[in-house]
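Asks: Straight from TrEMBL, here's the annotation block:
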type	residues	note
BINDING	Thr598	Ca(2+) binding site
COMPBIAS	97-112	compositional bias 'Basic and acidic residues'
DISULFID	Cys441-Cys473	disulfide bond
REGION	80-112	region 'Disordered'
REGION	156-185	region 'Disordered'
Amino acid sequence: MTTPALLPLSGRRIPTLSPGASSFTHHRATLRLSEKFILLLILSAFITLCFGAFFFLPDNSKHKRFDLGLEDVLIPHIDSPKEGKHGSGQVIIHGQGGHDENRHREEEESLRNKIRADHERALQEAKEKLRKSRKEVKAEIQTEKAKIIEDLKKKEAGPKPLPPVPMPKVVGVSDGEPPEADAKEKRDKIREMMKHAWDSYRQYGWGHNELKPLAKKGHSTNIFGNSQLGATIVDALDTLYIMGLHEEFKDGQEWIEQNLDFSVVFKVKAVQLAEKLIPAFNTPTGIPWAMVNLKSGVGRNWGWASAGSSILAEFGTLHMEFVHLTYLTGNPVYYQKVMHIRKLLAKMDRPNGLYPNYLNPRTGRWGQHHTSLGGLGDSFYEYLLKAWLMSDKTDTEARKTYDDAIEAIERHLIRKSNGGLTFIGEWKNGHLERKMGHLACFAGGMFALGADGSPDDKAGHYLQLGAEIAHTCHESYDRTVLKLGPEAFKFDSGLEAVAVRQNEKYYILRPEVIETYWYMWRFTHDPKYRQWGWEAAQAIDKYCRVSGGFSGVKDVYSSNPTYDDVQQSFFLAETLKYLYLLFSSDDLMPFESWVFNTEAHPLPVLHLGNITLPGSEPAQR
């Protein structure tokens, strides 16, 4: 607690001195100083409550307690004691054994002493305030006001210009017309579907995050924090550009420039947003919160996520974007934040070599032991591989981490059904659940993409594994009435690649199966992948298209399905983009120059050579 932090509160409440009002003003100034003292005490008590609760709530004995040995990676960047920080900047990690218990008791006593000292210091500051004259208090207030005005002027001056950086060579971002006439015809149809989705959003949902195509109005959900950020516009822009829909692209570009304001040309907006996200990393471990208030910087996690844990697929899916931001801005903080996450995870004990989906950002302990290559885990593994690719294959640490993780996944999660279908199950508390989610179908493409560079000459093995996953996911589509895949499908009790529960029979315009078809087409040119992709495109156009756009359906096994009335932003960003690329030539977005992030937004391969990113170690091949 420092004096400046309290002054703005007083400054807003103490009336300005004016002629003829000295008596009234003196009384109010004295009263406000008393209120300040009370607030100080309340705040002090609140800190004690929060800080004490963090350490003295009962421990859950069902979860194994790991001694992480993270002293060198826990970062001393939290100023508030309620976040669990020592005076030395080290976070308490509960260990095992008598020695650890003694150390824990000593640390608790040390913390109690620190809290007492903080209280005494706060009380002393309050007493010093009370001793000051009205004139001294007024002078402090005026100083603080002047500082605030100066800060506001700096903000109004606009964002700090970004340093010039050598931009990667832009290769293959347009055209890509296929030589085959039938492929060109199908590609034109995909472009028409994109135009229908965009025009509908433009007419009925402009500026909203998504569209309700039956109600013909905007749609927002809490996944976007209930804010109107124009998510569909942001998600669709590169798809529009790649498809040559330049007028539509220009409309979206202008909306972003005029309306997408995070504090107050795209690169500046990206940096503004990144700065708003940085406070999410202000946790004792440096593992970010799932959500952050863009205005206040306060972060939190989903309540359902294993006692408020952070989710592997969320905090593990930042690397590509943050590394690129460091490249663009010269600011090492983005790179350092994501590298810290990687370093921390490397120190942790992993049950059976697997990464659980939940990690507590306060304690650094795993939550529920649930591992999945579908929802909650998927893109963490994807980004390990793609970090290596985006670095022009110089980030060998990322590649090694990916290879080790995939080896454990093959050992514990990947099985073959009685009918010969290869599937990826989910590991829950030591047991394999024989169920595969639609989200996990992306892995076929990932295995193919990572085949080149695999250890022990396993390139052929992983390309084959990708083909087997693609076949299984195609079966999940082919065994439905609508020829669209369910959200999840089982492999037991005589049922294979079929959804059992009603709440798993829906299709919400997801892209993962088509994504895998595209990757498999690029690496094999087997015509079946284009055929499968076209089957999916026809089914989407037949069963999901409505006059106001495209909608998900609630039951893919019903010949008369009901709509969910949501046109997801990822339908424009991913599903239609992957379909368009599937029927384009390989020189459109070539893999040698581009890496697609988990939302199908292309980032350039950084051919860095011996160049070192700010804050990083020199690249090693």
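Glycine is treated like the rest: Cβ placed from N, Cα and C.
Relative to the rest of the structure, where do these features sit?
Replies: For Thr598 (Ca(2+) binding site), the Cβ neighbour count at a 10 Å cut-off comes to 19, with all displayed protein chains included.
In the structure as shown, the Cβ atom of Cys473 (disulfide bond) sits within 10 Å of 30 other Cβ atoms.
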Asks: What whole-number Å value do you get for the CA-CA distance of Cys441 (disulfide bond) and Thr598 (Ca(2+) binding site)?
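Replies: Cys441 (disulfide bond) to Thr598 (Ca(2+) binding site), Cα-Cα distance: 13 Å.
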Asks: Rounded to the nearest angstrom, how far is the Cα of Cys473 (disulfide bond) from the Cα of Thr598 (Ca(2+) binding site)?
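Replies: One finds 19 Å between the Cα atoms of these residues.
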